Every structure is written in C-alpha cells, then in structure tokens.
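For reference, the structure is listed below as structure tokens.
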Amino acid sequence: RSLMPRTLEGQITMEKTPSYFVTKEAPRRIYNMSRDTKLIVVVRNPITRAISDYTQTLSKNPTIPSFQALAFKNISTGLIDTSWSAVRIGIYAKHLDNWLQYFPLSKFLFVSGERLVSDPAGEMGRVQDFLGLERVVTDKHFYFNETKGFPCLKKPEGGSKPRCLGKSKGRPHPKIDMQVVQRLREFYRPFNMKFYQMTGQDFGWD
C-alpha cells in the first residue's frame, strides 16, 4: 500500500505483477485488501509461454540444460516435469481455481496475448470497457514493429519517441524439437479445455 499512489475520486490505480496469478497466497491477500479489485489476466499459448520463459532464462544463464531436459521428468516415457516453473505457470485452470475461491468470474478480464499482438486496439477496447473507461486508446495509437514482432505505442501528444517493449521482449526462440512440442500440446490440452470452460472463452491454442 505504501508503494501505491493516492487515488482520488474518479481515478483508477493499476498495478501489474506477473507472479500474482500463480502465487497461492495472492488471492486471499488481495481479497482482504479490497474485494472490489478488478483483475486483468493476460494469457498466451502455454507452450509458447514456456519457451519464451526458457529463452529469457537462457539469455541470463547460457549454461542451463536444454529446454527438453528441463521439460521432461522422464524423456523415454514422455513424463512432463510440472515442478519446473516454465511448465507449471501455463496450467492456467489450476491457478484460476485458486482465485475463484475468493473472487467471482465477473471480476476477471482474460486478455489473449496472441490477440494483443495481432489486434492491440481490439483487446485494449475490451480492457477499457471492463474498467468502465471511455474508449480513448484505439488503432490509431499503435503501429507494428517488424523487427520486434510486436505492436508499439505511437508517441503521445507532446511526447518524444514511440513506446516499444524492452530488449528482453521479442528475442528469437531456440528451435525446439517438434516431438517435444507435440508432447507438451497433449499435456496442456485438458488443462486448456478446462480453462476455456471456466472462462467461457476459447483462446484457440489447439
């Protein structure tokens, strides 16, 4: 609370921390602080997410084992290692279950990470509607950066250069064996289906 700016009447204070969604204690703590909090969760294909997670770790520590070695408990049986955080984070249904003990589904907006790239204005429109804000951010505020593979925010009125995602985003992913990807697809499928049912949204990851 001491880190938060004071919020005046008619203002919204937002805070973003990726680990909230997967931290067991977070829903209870947030509920105890303010049960009226609106929750926005950005999700993407859990396989792409895991590879992206691995790519980021690899950039900081090039000596880590291969993606395949970390993803499997036993490669010959195809047993996935769910204790590896890169895999565990993508089991969205399990994490959402924990949150639904405290907050109703109406308090959540689930944003598609894929659509945030392909149609940033459309997803931002949904965010603004969810927060009860006027739709001020539209497609005229974005342009696609071919180098990064992500949309960037055009410079605001009187601002300087456009806002793009930092160096850690848009890194090329290492090539992962298709059999590994296929096994992960099979592993995540039932969890994805459950997540689609829970949210009433099909994210099209299969």
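Start at 1 and count along the chain as shown; that gives each residue its number.
The backbone N, Cα and C atoms fix where each Cβ goes, and this holds for glycine too.
Annotated features, as they stand in TrEMBL:
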- ARG44, SER52, LYS169, GLY170, ARG171, PRO172, HIS173: 3'-phosphoadenylyl sulfate binding site (BINDING)
- CYS152-CYS164: disulfide bond (DISULFID)
- 33-189: domain 'Sulfotransferase' (DOMAIN)
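In the structure shown, across all protein chains, ARG44 is the one of the binding-site residues ARG44, HIS173 with the greatest number of other Cβ atoms within 10 Å. A gap of 18 Å separates the Cα atoms of ARG44 (3'-phosphoadenylyl sulfate binding site) and CYS152 (disulfide bond). On a Cα basis, CYS164 (disulfide bond) lies 18 Å away from SER52 (3'-phosphoadenylyl sulfate binding site). Each of the recorded positions CYS152, CYS164, PRO172 was scored by how many other Cβ atoms lie within 10 Å of its Cβ, and the smallest score goes to PRO172. Between the CA atoms of CYS152 (disulfide bond) and HIS173 (3'-phosphoadenylyl sulfate binding site) there is a gap of 20 Å, rounded to the nearest whole number. Looking at HIS173 (3'-phosphoadenylyl sulfate binding site) and CYS164 (disulfide bond), their Cα atoms lie 19 Å from each other.
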